[in-house]
Amino acid sequence: MFTSTGSSGLYKAPLSKSLLLVPSALSLLLALLLPHCQKFFVYDLQAVKNDFQIWRLICGRIICLDLKDTFCSSLLIYNFRIFERRFGSRKFASFLLGSWVLSALFDFILVETMQYSFGITAASNLPSGFLAPVFALFVPFYCSIPRVQVAQILGPLSITNKTLIYILGLQLFTSGSYIWIVAISGLISGMCYDSKMFEVHQVLCIPSCVAKFFSWTLEPIFSSSEPTSEVRIGMGATVDIQRQQRMELLDRQLMLSQFAQGRRQRQQQGGMISWNRLFPPLRQRQNINYQDGQQSEQQASPPLEVSEEQVARLMEMGFSRGDALEALRASNNDLNVATNFLLQH
């Protein structure tokens, strides 16, 4: 249903997998077995300011002490794993590092502003955990992931492929008294890093030697194999509907494999790929009479008109106009299918 965030599990997302497993395991360990050690992971800016406990800026911003925050942030990280596939692990890690460092500065600014303007002291009550980078990821999610309507309810209101993610973010935003401070600082830091303001993306980045070291040591541990499971067919469907669903599934699998092969040929030889030469559009294939195997598709269909709005959405995600045009033509203007092609390969 929510295909814009990918459908291949944690394949090609080792950093996202490590962020899901390690902090969650440590949160459970502290909550169930070592509750007396939780005081060392409290995000207390008052202690940082008055007692110079600088280590709290690291320990207090890695592990969530609230299991509800752990659960919500883990779900969001899982859905944001698409950015690691798109940018690569090094650039994704640089974004997380940059937003994590910048958000600590904005936390101080917001807390001091509250205390100076309204007399509210919140420096010792901020929620702990890897929350600010999670909120920072909403910036590229809003800007670069296309909004595709899934269902329409109550007239103008509609459910899109991004609705569930925003609901999870709202749930995390309202889970504590002062978590909105961390959320706002995360959003601001995400905008600063994503817009390349003050060249922070060049200063706060992962060096190539460090990236190679972790790729050599940790990536084999957290890497996931390519999924090969087949999509389940809905129960209760008629024979014709099941047959059509299977044909659509085979069409998509065929196009994915042929698209990957075409991309490899393009990288080796250069030039534009003739996608319609590799495989026909979906509508043309779906109109085949399944019971009559003698019908053929010898007549070439006229060139399909592509929506410029959908091309613009794909170009906003960083893909070239040529790839966007050919992907939309091959998928018969199906933005979901075209997005999956370009994001998963």
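Each residue, glycine too, has its Cβ placed from N, Cα and C.
Record features (TrEMBL):
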{"type": "DOMAIN", "residues": "305-345", "note": "domain 'UBA'"}
{"type": "TRANSMEM", "residues": "92-110", "note": "transmembrane segment"}
{"type": "TRANSMEM", "residues": "116-143", "note": "transmembrane segment"}
{"type": "TRANSMEM", "residues": "164-188", "note": "transmembrane segment"}
Can you break down the domain 'UBA' (305-345) into helix, strand and coil residue counts using DSSP?
29 helix, 0 strand, 12 coil
Find the average pLDDT over the domain 'UBA' (305-345) in the predicted model and report it.
75
